[in-house]
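S.K.: Take a look at what TrEMBL says about it:
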- 3-140: domain 'Nucleoside diphosphate kinase-like' (DOMAIN)
- K11, F59, R87, T93, R104, N114: ATP binding site (BINDING)
- H117: active site, pros-phosphohistidine intermediate (ACT_SITE)
Amino acid sequence: MATNRTFTMIKPDAFSAGNSGAILKMIEEAGFKIVAMKATQLTPAIAGKFYEVHSERPFYADLCAYMSSGPIIAAILEKDNAVEDFRKLIGATNPADAAEGTIRKIFAKSIEANAVHGSDSDENAAIEGAFYFSQIERVG
Ligand code: CMP
């Protein structure tokens, strides 16, 4: 059964462009409740740990460098069917393939600088949320 939480990051391209507020507004208007949130900047090593599942991919080194290139916002979001509904809201990984009206279609610059991250499964949502937030930092 689907759980009701997912995890997101607003990536350096969207943060530095001043789009964090507009993206968070879209997220809240789509019915997601923010359960935990923080602005931070990753080191390349921490970005590498977060994206370890992609360590064999040709884009891994660039992805780690990119994700540590500037501040990000990390958040845990709550809604029924959170993982699937959030992936619909953000659109395809490559903004060229993202549907009209999705966050990536509106804000992403490229497949790497694609504005936001969204967990791809309930299991990864729990792992990724725990990567950033301890129990006492969460609402509920
Ligand atoms: P994200 O949803 O954060 O998960 C992994 C990230 O790797 C993805 O978004 C993209 O930013 C990046 N990524 C995936 N595929 C490619 C690719 N072919 N080239 C460059 N970056 C990619």
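A Cβ is built for glycine as well, from the same backbone N, Cα and C atoms used for every other residue.
Annotations in TrEMBL come from automatic prediction, not curation.
Keep in mind that what you see is a predicted model, and the values were worked out from it rather than measured.
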S.K.: Of K11, R87, R104, the binding-site residues listed, which put a C-beta under 6 Å from ligand 1? Please answer none if none do.
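M.R.: The ones that qualify number zero, so the answer is none.
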S.K.: Within 10 Å of the Cβ of K11 (ATP binding site), how many other Cβ atoms can you find? Include all protein chains, please.
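M.R.: So the Cβ neighbour count for K11 (ATP binding site) comes to 26.
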S.K.: With ATP as the bound species and K11, F59, R87, T93, R104, N114 as its recorded binding residues, calculate the greatest Cα-Cα distance and give it in Å as a whole number.
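M.R.: 21 Å is the greatest Cα spacing among the residues binding ATP.
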S.K.: What is the total of other Cβ atoms whose distance to the Cβ of F59 (ATP binding site) is within 10 Å?
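M.R.: That number is 12.
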S.K.: Could you find out if DSSP has the residue listed as 'active site, pros-phosphohistidine intermediate' as helix, strand or coil?
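M.R.: The residue listed as 'active site, pros-phosphohistidine intermediate' sits in a strand per DSSP.
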